[in-house]
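Accompanying notes for the structure given below.
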Amino acid sequence: MRRWLLRSLWVVLGLSILVPGGIWLLLRGSLPELDGELALPGLSAPVQVQRDGNGVVTVDAADEHDMARALGYVHAQERFFEMDLMRRSAAGELSELFGANALPLDRRMRVHRLRTRAHDNLDIALGDRRAVLEAYRDGVNAGLAALPVRPWPYLLLRQRPRAWSLEDSVLAALAMYADLQDPGNSRELALARIREVVPPALHALLAHDGSSWDAPLFGAARGDAPLPDAATLDLRQLAGSGGGDAAVARLARSPAPLQDSGIGWPPVAADSSPGSNNFAVAGALTRDGRAILADDMHLALRAPNLWFRVRLRHPDASAPRGKVDVAGFSLPGLPVVIVGSNTHVAWGFTNSYIDTADFARLPATAPLREYRETIAVAGAPADILVVRESDWGPVLHENADGSRLALRWTAQLPGAVRLDFADMARAADLDAALAVADRAGIPAQNLLLADRHGRIAWRLAGARPDRSGTCTADGIANTPDAPLPPDTSPFNEPCYPWPLRTDRAPSLVDPANHRLWTANGRVLDGAMLAEAGDGGYDLGARARQVRDGLFAREQFDERDLLAIQLDDRAVLMERWWKLLRATVEHSDDPALRRLEAASRQWDGRAAVDSASYRIARGFRGITLDTLEAGLLAPARQRLGEDFVAPRLPQLEGVAWPLLEQRPPHLLPPPFKRWDELLAHSARQLEADLAAQGHDLAARTWGERNTAAICHPLSRALPALFKRWLCMPAQALPGDGNMPRVQTPDFGASERMVVSPGFEADGIVHMPGGQSGHPLSPFWGAGHDDWVQGRPTPFLPGATTHTLVLRPR
C-alpha cells in the first residue's frame, strides 16, 4: 500500500511538472522566428527583416512585391489572430470562433453582406495593385504555415486558422469602416423618429449642431442652443416629461447600438466614439523651416495594439530619388503604412464624422431581392439570416404600415476600398500627396499633410456620398415610389441611390496662419458642410484646446507638439466644478457638506491624484444624464419600444444655457426648481463615491481611470491567468474633451510627431506592444512610454534581431 502511494505521488508530481511544461512548450511553438535564414517562396531576391528592442520591424527588399511578401510573412507570425478578427468582424463571422455570444455582432454586420461585396468589387479595390496584394497574401499564408504550432488563441478556442485571401485584405479595410462609422446609422434614425412625435422646438434642442466650444477650420462657432420661450415649448405640459432618478435609470436601459471595436470581438462601450487629434505647423513657425505634424488616433485599446510599427525600404523608380523609405504604423491585413512619413511627406488622420449613410423609405410593394446568409456558430447549429435588399441597400427596419427603411452606407458600395492610398509612400511633396488623396478608397477622414518644404494641408479624404439633386444629408430620404412623409418633414422630393466619390473634396492648403488642427468636431461650414452632412460631430472642446495650444506660441519643435498631445488640462470641466461649488457650499445637507469638503481644491487637470476632477466630472455626467432624460421623455413615451436614445455629442451646448438661464418651462419634471435638480445630482454623486469608500478625498481620478487594456480572450480566462494577457493596471491621466484622451480601455492607439526629412527627431508612442504573443519579448514593449508620455524615437532603434528571407 505504501509503495502504491509513493508511486502515485511520483506520478502526480511528474504530471505537475510535465503538464505545465508541455503547455509552455506548446505555447512557445507559435512564437515567430526572429533570427536566422528561412526560405520564402516567390521572392525575387533576399529580404532582410530587422527588429529593434521594441520589436519594431524594418524590411529591406529588392522591390515592392518582395516587401509585401515579407511583410505578410511578419504580420502573420506576429498578428494572425488579430487579422482574423478583423476580417471576421467585417464579414459577420465571429460566431464561428466564439459561439452564440457573438451572434448579435454577426447579425448586425452580415446584413451588409460585406464578404460578398468584397468579392464582387475586388477588381476595383485592388486596381493595378493586384500583384502586390497577391504577394502579401502568399506571404501571410507562408508565415502562418511556418509556425510549428498554430497561434495560441486557436489552441484556447479549439479552432484552426483559415488561410488568408485577397478578399480578406479588403475586409480588413472594411472593418475600419465598421469601427469609424455606425453600420446601423442609428443616430440619424433615432432623431428622425423623434422629429415625428415631438414639437419642432424640442427636436431642435436635441439636434442642435454645435456649441460655444466649436473650433472649425472654416467659419465660426455655432454657439450654444437658443432656448425657446414657454409659448413655444413647455416641458411641464408635455406628457411623459418626467426626469429624476427613474428617468435617468430608464435612459440608461435604453437600447443602444452595438459598437464593434472595429478590430474584432469584443465590442467597446457605445459612448466611446472613435476619434483622434491631428495638427500641424508650417515651416514659418519652426527654427529651420521644417513643417511638423502630430497625430494620435483614438480607438478601443487592447493587447496587442491594432497597429504594427514598421519601416519599409525598397528601390522604386517612381519614388523620389528612386527609393521608398516609409516609416510609421501599418495595419496587419494590408501591406500599407496607414499613418507615417516617407522622408518627403508625413500624413495623419482623424475621423471626419461626415454623414456617410442614408435611410430611404420603401413602400410595402417595393421589389426586394432576398438572400439567405448562413452564420456558422461554434458549438451550436448554424444561424440563418434572411437579408432583403433594394437598389438603395439592405432593409434594416419595417414600419407599422408595411413600409420599409433601407440603408445606403458608403462601405457597401464599389470604390469604398481602393488600395491606391498605398501610393502615399511614393509622394514627393504636398501636391503629389493631395493627388493620392483624390483616389483614396478609405473611410472619410480628416487628412493632414506636411512636406519637407515646410508646407502643410488639410483635406477631406476618402469615400463620401455623391448626393445630387434633391438628396439631402439629413433625415430619411424618399425613393421615387415611396409615399410622401408628413408635411412637417423637409423631404418632399424623391432621392435616387447615390454613388461614391473621392475627388473634388474640400481642402485647406498653406493656411495663412501656418497652423492646422482637427479633433473630430465640425471642420466645415456653409455649402461644404451642407454637402458633407453631420454624422455626429464631436463636441469642440478638445479641438479648441488643441487650437489654443497652437496659437499660444510662435515657434515650435517636436516636443512642443507632443506637449499638446499630452495636455490634460480640464478646461471644459472648470465651469462645472464652479457650478458644483455653488451647489454645495452653503448646504446643510450632510452628504453635500462631505462633497464640499472633498472638492475645495481645484487641480485643473485630469491628473491621477485629483479628487476634485473626478468629482466635477461625475457631477457633470449625472446632470447631463438627468437633462437628457427629461428632454427625451416625451419621445420615449410616444415611441414606446421603437424609441432609441440618440447619441447627443453637442448636449453641452444645450445644457449650459439651461443651467445659466434656468427657465422654469424647460425644467424636467418632477423637479420644481433648478437648484433642486443640481442638488439631486450632487447627492447621487456623493452616494456613488461613498459606496467605494467613505473618504471622498481618496476617490481620485486615477482610481477611476485605471488601465484595463487586455487581449480579447482575457475575459474568457480565470482571474489568476487573466493578468498575463493584460497590460499593467496603471492609473492613467487624461480623459475625453481634452487632447490627452485616455480612459481605461479607450484612447490614443498611437501618438506620432514627425517632420518629413527629419524623422530622426520624431517621437512616437504605442500602447499594448507589437507582439500578439504573451511569451514574446515584445509583448507590451513600449507600453510604459505611452503611459508616462516619455518621448521615444519615431524611427526604429538599434537592431537586436535579424531574419533573412531567401528565395526558394
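Glycine too: its Cβ is placed from the backbone N, Cα and C atoms.
Just so it is clear, the model here is predicted, and its values are computed rather than measured.
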Remark   = In TrEMBL, Ca(2+) binding by ASP355, ASP358 extends, among GLU188, GLU196, GLU398, to GLU188
Query = How big is the Cα-to-Cα gap, in Å, between SER276 (active site, nucleophile) and GLU188 (Ca(2+) binding site)?
reply = 22
Remark   = Students should find that the Cβ of ASP358 (Ca(2+) binding site) has, within 10 Å, a number of other Cβ atoms equal to 26
Remark   = The number of other Cβ atoms within 10 Å of the Cβ of ASP355 (Ca(2+) binding site), counted over all protein chains shown, is 24
